[in-house]
Amino acid sequence: MTDKLRLGVNIDHVATVRNARGGDNPDPVRAALMAQEAGADGITAHLREDRRHIRDADMAGLKAALRVPLNFEMAATPEMQRIALDTRPHAVCLVPEKREERTTEGGLEVARQAGVLGEFIAPLRAAGARVSLFIAADRDQVEAAHRIGAPVVELHAGAYADAWAEGRWDDRDRELKRLTEAAAYGHGLGLEIHVGHGLTYDSVGPIAALREVRELNIGHFIIGEAIFRGLPDAIAEMRRCMDAARVGGA
Ligand SMILES: CC(=O)[C@@H](O)[C@H](O)COP(=O)(O)O
Ligand SMILES: NCC(=O)COP(=O)(O)O
């Protein structure tokens, strides 16, 4: 197993700030280029159905401007499938969406929608996209993702990150165990394992130490830190936390 742990920087919340006032500033494509220069291994952006942050033109701009891989997060809808097929990103990550949620609350229900999702990902895979499913760290969901032919799963780290942030240490340890077991199980099936959502400098270490994990996608915290220390430094510090855990980990 290669040891390189990739960092995908999610730039959605640059667009959140832009959209608060309308207009063009700050530009998420500019942030993505800066992240690329600062060592991001990829850029992640989530084109939500309600366009609350990233917009269609951002996706096109990212695809045109970047030389690192673009990971296009989206709901499994016909509209998004059409946009992804037009955009031709390196990767497509299917995410569950609810209009009323503040952020992505849960993982994609793959086990109960295996037939539909299997048909949905087929044209994306045929077009050359690396398809990933954003799922809970749950054995049934991991198994279903493998069964329908997804090459990658991204395990939802939100419950782990929330427990860490709120000092609920027993919950944190239980969630870390779930992520650890799901990563090992998925890796054993031949899936590439990614983890994302809510990770910070504090919480990233135990996840980065998991040898089965190949990529982390981190956005909200990095963009917040960038206000205080600048985007390149915020990314460099996340990279340092990941590398330190990788070297020191199991
Ligand atoms: C799937 C995921 O975890 C990210 O794309 C995240 O959802 C982006 O931020 P929002 O949930 O705030 O849109
Ligand atoms: N898929 C998770 C992601 O892209 C980043 O999530 P967050 O760090 O913004 O919570």
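From the backbone N, Cα and C atoms, a Cβ is placed for every residue, glycine too.
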TrEMBL annotation, 1-deoxy-D-xylulose 5-phosphate site containing Asp12, His13, Arg48, His53 - matching residue among Thr87, Thr103: Thr103
Whole-number Å value for how far Gly219 (3-amino-2-oxopropyl phosphate binding site) lies from Thr103 (1-deoxy-D-xylulose 5-phosphate binding site) (Cα to Cα): 12
Binding-site residues near ligand 1 among Asp12, His13, Arg21 (Cβ under 6 Å): Asp12
For 3-amino-2-oxopropyl phosphate, whose listed binding residues are Asn10, Arg21, Gly198, Gly219, His220, the greatest C-alpha pairwise distance in Å: 25
Greatest inter-residue Cα distance in Å for the 1-deoxy-D-xylulose 5-phosphate-binding set Asp12, His13, Arg48, His53, Thr103: 12
Sparsest Cβ surroundings (other CB atoms within 10 Å) among the binding-site residues Asn10, Thr103: Thr103
